[in-house]
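Working notes, beginning with the structure itself.
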Amino acid sequence: MEEENATLLTEFVLTGFLYQPQWKIPLFLAFLVIYLITIMGNLGLIAVIWKDPHLHIPMYLLLGNLAFVDAWISSTVTPKMLNNFLAKSKMISLSECKIQFFSFAISVTTECFLLATMAYDRYVAICKPLLYPAIMTNGLCIRLLILSYVGGILHALIHEGFLFRLTFCNSNIVHHIYCDTIPLSKISCTDSSINFLMVFIFSGSIQVFSIVTILVSYTFVLFAILKKKSDKGVRKAFSTCGAHLFSVSLYYGPLLFIYVGPASPQADDQDMVEPLFYTVIIPLLNPIIYSLRNKQVTVSFTKMLKKHVKVSY
């Protein structure tokens, strides 16, 4: 009865890092620089792959889509966070909040599937090199990409549907850097236990599936590498695989902790720091880890750069 008589809230305050006003300008400048580098790096990678016909193969199609999704994740979260550093009003409407969460859920879930697909691609390329052209065709790659995006959309729709059942009447303070189902469920005056359960079941299943796929694929890859006789080749392959696994661990570690681990009833500072790994840091690092270490990408980028410099002069 109290819930029915209460005034329903339709606007929220995203606190973000605003509880430390003395850091407002330095944090704004830091995140702005990171965001600009992230967008330029990922869009630059997409342009290189798009322009060079030699890179129109599964490995680079997957890499280009990873760059697109990284730019998407960063653009979903960072602009609003930057605005909140400087704007007098930190409000976000309920509809805008739901749109931001929907975009975030699609992009993050799609990246989970993409990382698993990329690990499988590396497994086939290294463990079955002679069969690679027959197994990992462009047609199969495109189908896997479509499945990744469809999986992301369906997963987002599930949580968006359960988000619509929530009502808010007690507090409009969201202690987070973006609108997410868990912090919103914590301040809802509707019973949100089903929302937490859906997050655990669906988010947990997707993360476990993709992590297992990645670990199994790279385990076979590492065994295949150890059979090689070239010390230089082994060191290079270990370095590349290590960098990839480092990126994956930074991405999945916070995701598992937030969406699969037990949810604390009260918000704390960790709720804002951990999401920075998969919304800000990983989109910045992925172009470096997956591209600058790749000879074909760097050669194509150099050629494109030289061509544009000649045209400008």
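The backbone N, Cα and C atoms fix where each Cβ goes, glycine too.
Summarising the annotation, Swiss-Prot assigns disulfide bond to Cys97-Cys179 and lists sequence analysis as the type of evidence. Neighbour count (other Cβ atoms within 10 Å of the Cβ, all protein chains): 25 for Cys179 (disulfide bond). The secondary structure of Cys179 (disulfide bond), as reduced to three states from DSSP, is coil rather than helix or strand.
What Swiss-Prot lists as N-linked glycosylation site is Asn5.
Averaged across the topological domain 'Extracellular' (1-28), the predicted model reaches a pLDDT of 73. Swiss-Prot lists 1-28 (among others) with the feature topological domain 'Extracellular', giving sequence analysis as the kind of evidence.
Residues of the topological domain 'Cytoplasmic' (50-56) grouped by DSSP class, helix first, strand second and coil last, total 5 helix, 0 strand, 2 coil. Residues or ranges marked as topological domain 'Cytoplasmic' in Swiss-Prot: 50-56 (among others).
The feature topological domain 'Extracellular' is assigned by Swiss-Prot to 78-98 (among others).
The topological domain 'Cytoplasmic' annotation in Swiss-Prot covers 120-143 (among others), and the record cites sequence analysis as its basis. Sequence-distant contacts of the topological domain 'Cytoplasmic' (120-143), counting only residues of its own chain at least 6 positions beyond either end whose CB sits under 8 Å from a CB of the stretch, comprise 56-59, 61-62, 213, 217-218, 220-221, 224-225, 237, 244.
If you look up Swiss-Prot, you'll see 165-195 (among others) marked as topological domain 'Extracellular', on the strength of sequence analysis.
The topological domain 'Cytoplasmic' annotation in Swiss-Prot covers 217-240 (among others), and the record cites sequence analysis as its basis.
Summarising the annotation, Swiss-Prot assigns topological domain 'Extracellular' to 262-271 (among others).
The topological domain 'Cytoplasmic' annotation in Swiss-Prot covers 293-313 (among others).
According to Swiss-Prot, the feature transmembrane segment maps to 29-49 (among others), an assignment based on sequence analysis.
Annotation comment: Swiss-Prot describes 57-77 (among others) as transmembrane segment. Sequence-distant contacts of the transmembrane segment (57-77), counting only residues of its own chain at least 6 positions beyond either end whose CB sits under 8 Å from a CB of the stretch, comprise 35, 38-39, 41-43, 45-46, 49-50, 100, 103-104, 107-108, 110-111, 114-115, 117-118, 121, 125, 136-138, 140-142, 145, 148, 177-178, 275, 278-280, 282-284, 286-287, 290-291, 296-297.
Feature annotation from Swiss-Prot assigns transmembrane segment to 99-119 (among others); the stated evidence is sequence analysis. Same-chain residues lying 6 or more positions outside the transmembrane segment (99-119) and placing a CB less than 8 Å from one of its CB atoms are 59, 62-63, 65-66, 69-70, 72-73, 76-77, 80, 92, 144-145, 147-149, 151-153, 155-156, 159-160, 163, 178-181, 184, 206-207, 209-210, 213-214, 217-218, 244, 248, 251-252, 255, 278-279.
Taken from Swiss-Prot, the feature transmembrane segment applies to 144-164 (among others).
With a cut-off of 8 Å between Cβ atoms, the residues of this chain six or more beyond the transmembrane segment (196-216) that come close are 109, 112-113, 115-116, 119-120, 151, 155, 158-159, 162, 181-182, 185, 245, 248, 252, 255-256, 259-260, 263. Residues or ranges marked as transmembrane segment in Swiss-Prot (evidence: sequence analysis): 196-216 (among others).
Taken from Swiss-Prot, the feature transmembrane segment covers 241-261 (among others), and the record attributes it to sequence analysis.
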Chain-internal residues, separated by at least six, CB under 8 A from Cys97 (disulfide bond): Phe12, Val174, Cys179, Leu184
Long-range environment of the transmembrane segment (272-292) - Cβ separation under 8 angstroms, sequence gap at least 6: 15-17, 31, 34-35, 37-38, 41-42, 44-45, 63, 66-67, 70-71, 73-74, 76-78, 104, 108, 175-178, 180, 243-244, 246-247, 250-251, 253-255, 257-258, 298
Beyond the flanks of the topological domain 'Cytoplasmic' (50-56) by at least 6 residues, Cβ under 8 Å: 64, 138, 296-297, 300, 303-304
Outside the topological domain 'Extracellular' (78-98), six or more residues from its ends: residues with CB under 8 Å to it: 9-18, 24-25, 27-28, 31-32, 34-35, 38, 160, 163-164, 168, 174, 177-179, 184, 279-280
